[in-house]
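As given in TrEMBL:
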type	residues	note
TRANSMEM	A:63-87	transmembrane segment
DOMAIN	A:116-336	domain 'NADH:quinone oxidoreductase/Mrp antiporter transmembrane'
TRANSMEM	A:123-141	transmembrane segment
TRANSMEM	A:153-174	transmembrane segment
TRANSMEM	A:194-214	transmembrane segment
TRANSMEM	A:226-249	transmembrane segment
TRANSMEM	A:255-278	transmembrane segment
TRANSMEM	A:299-323	transmembrane segment
TRANSMEM	A:343-366	transmembrane segment
TRANSMEM	A:378-398	transmembrane segment
TRANSMEM	A:418-445	transmembrane segment
TRANSMEM	A:513-532	transmembrane segment
Amino acid sequence: MIVTIMAMILLPLAMALLLLSAPLGRLVPRLLGVAPAPALLLLPIAWEGSVSSYTLLGSWTAIVDQAGALLLAASGLLWMIGGFAASQWLKGREGAGRFSLWWLLTLSGSLGVFVAGDVVSFYALYALASLPAYGLIAFGGGEEAQRAGRATLAAALIGEALILAAFVLLTVEAQGQGLAIATVMHALPASPEAGLVITLVVVGFGLKIGLFPLHGWMPMSYAAGPLAAAAVLSGATSKAGLIGLIRFLPLDAPMPVAGGMILAAGLFSAFYGAVLGLTQNNPRSVLAYSSISQLGQMAAVLGAGLAAGVPGAGSIVAFYAVYHVLTKGGLFLMLAAARPPLWQLLLAGVLALGFAGLPLSGGALGKLAFKDVAGSGVTGLLFALAATGSTVLMLHFLRLVKAAPAAAKQEPLPGWAWIAAGLAATLLMWSLFGAVTGVAAGYALKPGVLFELGWPVAAGAAIAWALAAAGTQLPRIEPGDVGARAIAIAEREAPRLARLATRFEIRAHQWQVSTLTLAVVLILWVVLQGWLAPH
Amino acid sequence: MMETGFDVVLALMLLGVGGWSIIARNMMTAVIIFIAYGLLLSLAWVRLHAVDVSLTEAAIGSGATGLLMVIAAHKVAGDSQRVVRLSRGFHVLAAVFATLVAIGIASLAFVLPGAPVSLAAPVLERLPESGLGNPVAGVLFVYRSFDTLLEKVVLLLALIGVWALARDQDWGGVPGLRLFQHPHSVLMLLARTLPPIGFVFAIYMTWAGADVPGGAFQGGTVLAAMWILVMVAGVRRVPRVSSPLLRLAIVAGPLVFLAIGFLGFVAPGVFLAYPDGLAKPLIVVMEVALTLSIAVILGLLIAGPPRAKDSA
Amino acid sequence: MSAVLLFWLAGSGLIGLAVYGLIVNPHPLCKLLALNLLGSGVFLLFGVIARRGAAAGLGGDPVPQALVITGIVVAFSATAIAVALLLALHAEAGEASLDQEDEEP
Amino acid sequence: MIPLQAIAETGTTPGGALLVLGIVMPAVALVALIGLGGRAARMIVAAALLFQLYVAVRVALLVAGSATPLAYVVGGFQPPLGITLRADGVSALMMVVSAVIFLGAASFAWKDFAQARGQPEARLSLIFWSALLAMASALNLLFTSTDLFNLYVGLELLTFAAIPVVAIKGGAETLRAALRYLLFAVFGSMLYLFGIVLIYGAYGTLAISAIAAQVQPNAATLAAAGFVTVGLLAKTALFPFHLWLPPAHAGAPAAGSAVLSALVVKGSLFLLMRLWFDTFPSLREPADMQLLAFLGALAVIIGSVTALRQPRLKLLVAYSTVAQIGYMFFVFTLVPKTAGDIVASAAWTGAWLQVVAHAFAKAGMFLAAGLVAEVLGHDRIRDLGGLSARAPLVVLTFAISGLSLMGLPPSGGFSAKFMLLAAALAEGHWVWATVIIAGGVLAGAYVFAVLARMMAAPTKAAELASIGRTRQLIALGLASVSVLMGLMPLHPIAFFEIGRFP
C-alpha cells in the first residue's frame, strides 16, 4: 500500500524530472495518461469503509479512508482520461514539455492531497495541487490567460497562507502531540481557538472551491487555458478544497453555529452560481458557475453535517463529488467539438442534468445520499430548489453548446474522452451507492424517490422553457461578477501599493535617512529600556 | 589647577577643532584641520597616561590617515557635491538626534559603576613571566596576542582591498603616486613639516620607554609613516606589487607570528603560548618581522592600487 | 573637574559631532572623515575608562590601551580601503558620490 | 575587583584546538597565497577549504558526541586577561554550514578565477581567493570567539574581506555599492565598539561568560546593549539599514554574492543572537525586542514587495535577502525570557533553521542567477523567456530555492516558518504571525513571477552562451540541501541547545 501511495505521488514527479533530459523528455508529453495509473490501484478502497494510515517518509504520513478514496478514484480516472486527451492535443505543439511539467506537478498534488495524513504533507500536496495550475491556465500566453493565471495564483497563495495559519494553530492547540490530522483535529473542539481555526479553514479552502464571495477567479481561470487543463482543474483539483473541508472540519463534534453558517454560505453559493451562470454566454463560464453552485451545495452538506455532528458526512459528500469530478471534467472535454451531433447533445444533456439530480442519473444518487444529512424541512426544500437552479443553468449550457457558431475555437481532443468520463461517472455512482449509504441502489428506482428527485428538475425545465418562451434577455455580466470586480480592483490597487512600498524603500535606503534612522533607533532603544523597564 | 586648566583648554580645542573639521566647506581644509585634530588628540592621550596610544594616534590616526585623506581630498577637490539637497529641517533633525546621542553618552559618565574596574593588577602580576617591561606590550603580545595576530590579517586584507581596485591590465605594476609630486602642493608642505613632528614623537617614545620592549612596535609604525612621506616626496621609488621580495616583506610579520603561534602547540602545548624563558626573545624576533611588514603594508596602502605596468 | 570627566565629555561631544557629520555631509570623503572622528571619540572614551582603572602603580589600565592601539590600526585599514574605493569611483564616474540614480522600476 | 571565580567553564576541552585551527588555518593559507602569489591560489584554497570542512565536521561530531561545548584558551590565559574560543551547538552548526557553502562557492568559481598557466599573476585570482579565505577565517572566529573585542576584530575582518568581493568587477555602480557598504559597516562597528567600551567600563572584562555571570541591569549596561545591538543591525542590513545590501550583493560575481548573502550577513546576526541569548539574556526588554521584530516585519514586507518590482534578477534575489533577514529578527521576541519551555525551543530551532535554510537556498539561488546571466548575457527578468528549454537545471535550482524561501514543504524554509509561527501563535503574537504568513505569500509572488518568465516562450531569438554542467550541479546541490532539510521532523532540535548559557 505504501508503495502504491508513494508511486502515485512520485511517478508524476519523476516524469516531470525526466523532462529535464532532452531525449527522454520528449516522450513524457505522450505519456500523460499513464501518470495517474497508480491511483487506480487504490480504487477498491472506495468500496470499503475502513481507515488506515501509513508512514511514508519521516513525519510524512498517509491516511486512506473512504472519503479520500472516493475522490481519488474519480480524480484518478479523470486525470487519466484528461491525460490521454491532452497527449493527443500536445502532439507537435510548441511548449508541450512546459505544459506537461505543470500538468504533472498539479497531478501529483491533486491526487496526493486525498491521502495526506498529516498537516505538513497535506499542506505540501495542497500547494502542489494549487500553485502549478498557474502554468496550465496561463499556457496560451495571451493577456487574458495570464490575467486569469495571476488571479488563480493569487487566490491559491492567499488560500495557502490562511491554511498554514490554521494548521499551525491546530498544531499548537494539540500541544505538540503530533502532526497527524487525526491528532490535531481531536484537540480542536475543546480549543479556545476553534472558531478562528474553522474560519481560517472555511475561508482558505473556500477560496479553492469558489465559495461566494471567494469565487471570482474561477470563471476567469476555467475560461482561459486549454480545455484539457480546464477539465482537470474544474473536475479534480477543485476537490482539493473539498477534501480540506472534509478533513479539517470537526465533523464528529456537533457545532450548530459554525455548521449553520457554512450551510447558509454553501446554499447561497449554490443559488448564486446558478443565477449568475445564466448571465454568461461562454459555455466555459457557465460550467464554472455551475461548479460554484455544485461545490456550494457540497459545502452546505458539510455544514449541515458539522451542525449535527455527522462523522460520515465526509464520505457522503465525497460520493456526491465523484459525479461532479468526472462529469464536469467530461463536459469541458466535450467543448472541444464545435458542433456535436444530436445524440451527443442528448447524452451531454443527461449527464449535465445529473447535477440537478435527474432521476436515474449518477448525480441523482449523490443527491439521495446526502438527503439524510441535509435534512428535511426548509433546508431540504432549499436543496431541492438549488437543484431546480442547476436544471435551468444546465439547459442554458446545452443551448449555448448547440448554438455555438461553427467558427468556435476547436481543440483537437479525442471525441471519446468526454463520453468515457461521463460513463465512468455514472458507473461509479451506481456501483458505489450501496457501499457508501448502506442502502441498495434499487432504492433510487422507487416511485416516491423518483418523484422527489424529479420535481425540481421538472420545475427547472419549466422555468427554462418559460424564460425562453418569454424571450427574456438576462443581463450579461462579466465572468466572475463581483469577484472579478474585486480582482480588477486588486489589479489596480496592488501595483499602486507596491509602488508606494517601493518609494518608501527608496527613501529609506538613502544614506542620510538610513543613518539618521540608526541614530533614532539607538535613542529609541535606550528610551524603551529606561522608561518602560520595570527595574 | 594648572593641569586642570590645561585639560579644559585641550578638551575645548578638541571639540572646536573636531567640529570645525565637520563643518568646513572645503574638503582639503577639513582634512588638514583633521590632521591638526589628530595631533591634539595625541596630547590628550598623553594626558590620559597612555603614551603608547598617543604615539600610535600620532603616527597612524593622524599621520597616515591624514595623509590618505589629503591624497583623496586633492583628487576629488573638483567634485561638485551635487547631491540630494537636504532641507534645513533635516539638518535640524539630524542635529537634534546627534545631540541626544552625545548627551546620552555624556550622562553615562555619571552612572558608570562607582568603583572603577581594572585589569592593571592582573596584567602586572603575570607580566614578569614574559620578561616584558611594558604592560601594554604585554597585553598586545602575550595575553591578547590573538587579537594582534588577527589585526595583522586585517592589515593584509586592507592591502587586498586596495589592490582589488587596480585595473586588470595594470596588475603587477607600480602603485601610482606620481600625481602628488608637484613641488609646491600642500602635500609637499606636509611632507616637509610632518616628519620632524613624527621624529619628535619617536624620540619621546624612545625616551619614555627606554627599557620598554613594546616601544619597537610603535616606533615601527611611526617610522613607517615617515617612510610613506619620503616615498611620496619621490625620494624612494615604489616597488612593483608583483615583486616576490615585496611579497615576502608583506607576509614576513604575519608568517613569523603564525609560526610562533604554532610553536606554542609544540612547546608549552598551547597555541600562542611561549615556551618557558623564550618569551622575550621570540617576541623580539616577531616584532622585528612585524615592524618590517607593517611599514611595507602601510606604505603600500597609501601608495594605492597599481597604476600602470610600465611606468617605471 | 577631573581629566577623566573632562575627556569623557569631550569624547561624547566628538561622537555627537561625528554622527551629525556622517548623516548630513554629502561627500563620501567628508563621511569618511566623520567616521574617523567618531572612531577617535570612541577610542578617547575607552582611554578615559583606562585612566579610571589606574591601579597597581600604573597610570592607566593597560588592557584598554592595547585594545585602542589595535582599534586604531583597524580603523586605519578601513580608511585605506575607503580612500582607494573613493578614488576608483572618482576615476570611473568622474565624481565620487554615494547617491545612485534611483529610478522607479 | 574582578570576580575571577565567577567565570565558569573556561578551560580547554579535548578537541578545543580544532577551534584555533578553524580560524588560523585559513589565515595561514591567506599568508601563503599572498606570499606565493596568485598562481598557487586555487590549490591553496582547495586545501584550506577541505581542511575547514574537516575541522567543522569534527567539531560538530565532538559537540554532538559529548553534548557539551568545546573550548580553547588561547595562549593559556583565561579570561579576563586572555581570550577563550568556544563552540556550542549553534557554533558547530554554523561552522559546518559555512564550510559546505564555501566549498560549493569555491568550486563554482573554480574556472572563473583561474590563473592561466605560465602567465603572470592575475588580479582576479589573487583578490578573490584571498578574500574568500579571509571570510572563512572571520566567520569561524565570529562563530566561536567569546571575547567581545576579539569579535570586533572578526567583524571588521569579515567586512574588509567582503569589500573586495563586491568591488572586484569594477564599474561605477559596483564601486559605489562597495563604498556604501564599507562606510555604513564601519559606522556600525564604531557603535558596537562603543558598546564594548561601556561594558568594559562596567565589568572590567570582555569575556562573554564573565559578563553573563555578573550582568546587572544598570544604565551603563543597558546603553551598552543598545549601542552594540544597533551597531550590529547596521552590519546585518536589517531594514532600513539595508542601503548597502542590494547593490553590493547584486554587483558581486555570482559565487561572491552567494557567500555574501548566505553567510556574511549571518556573521553579525550570529553575534547579535550570541549577545541577547548568551551574554545578557536577562536584559531582554520586551519593548526593545518588539522594536527589533517591528523592523524585521518591515523588512519582510517592504523587502518582498521591493523584490517583486525589481527589473533584474540579481537585484530581486538581493532584496529577497533583505526580506528573509527580517524573519530572523522575530526570534528576539518569540523566545521568552524564561527559556526552557517548548515554545522557546521551537522559536530557537525555527530561527536557526531559517538561518541555515536561507543560507543554502540563497547560495543556490544566487549561483543560479549568475548562470542565468551567463546563458542569456543579461539578467532582465522581463526577457528570461525560453530559459527553461535551454537551461532546465538552472530553472530547477531557482525553483527549489524558491520553494524554501516561500516556505513550502518539504523545505528547511517551511520547517523554520512553521516553528516560528507556532511559537508566535502560542505566545499570542498575532501581528508577527500575520507578517510571517504574508511574507510567504509575497515570496510566492516574486518566485512565481520569475519562474513564469523562465518558463515562458522565448521573447526574442538571442545568442545563448553555454554553461558547464558541473556548475549547474553545484548550484542545484546547494539548493537541494535547503529542501532536504525539510525532511527532518518538526521538533525542536536538541543539538541547537547544546552549551547554551543558562
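Just so you know, glycine gets a Cβ as well, placed from its N, Cα and C.
Tertiary neighbourhood of the transmembrane segment (A:226-249): same-chain residues 67-68, 71, 74-75, 78-79, 82, 85-86, 89, 99, 103, 106-107, 109-111, 113-114, 122, 126, 129-130, 133, 136-137, 139-140, 159, 163, 166, 170, 181, 185, 197-198, 201-202, 204-210, 262, 284, 287-288, 291, 295, 298-299, 302, 305-306, 313-314, 317-318, 321, 324-330, 332-333, 335-336, 411, 413, 421, selected by CB-CB distance under 8 Å and a gap of 6+ residues from either end. Using the rule of three or more Cβ pairs under 8 Å, pairs at least 6 apart in sequence, the transmembrane segment (A:255-278) is not in contact with the transmembrane segment (A:63-87). It is A:194-214 that, among the stretches A:123-141, A:194-214, A:378-398, forms the most Cβ pairs under 8 Å with the transmembrane segment (A:153-174).
Most Cβ pairs under 8 Å to the transmembrane segment (A:299-323), among the stretches A:63-87, A:123-141, A:194-214, A:378-398, belong to A:63-87.
Sequence-distant neighbours of the transmembrane segment (A:63-87) (same chain, 6+ residues past either end, Cβ-Cβ under 8 Å): 1, 5, 29-37, 39-40, 42-43, 45-46, 48-54, 99, 103, 107, 110-111, 114-117, 180-182, 226, 228-229, 231-232, 235-236, 239, 242-243, 246, 314-315, 317-319, 321-323, 325-326, 329-330, 333, 413-414, 417, 420-421, 424-425, 428, 432, 436.
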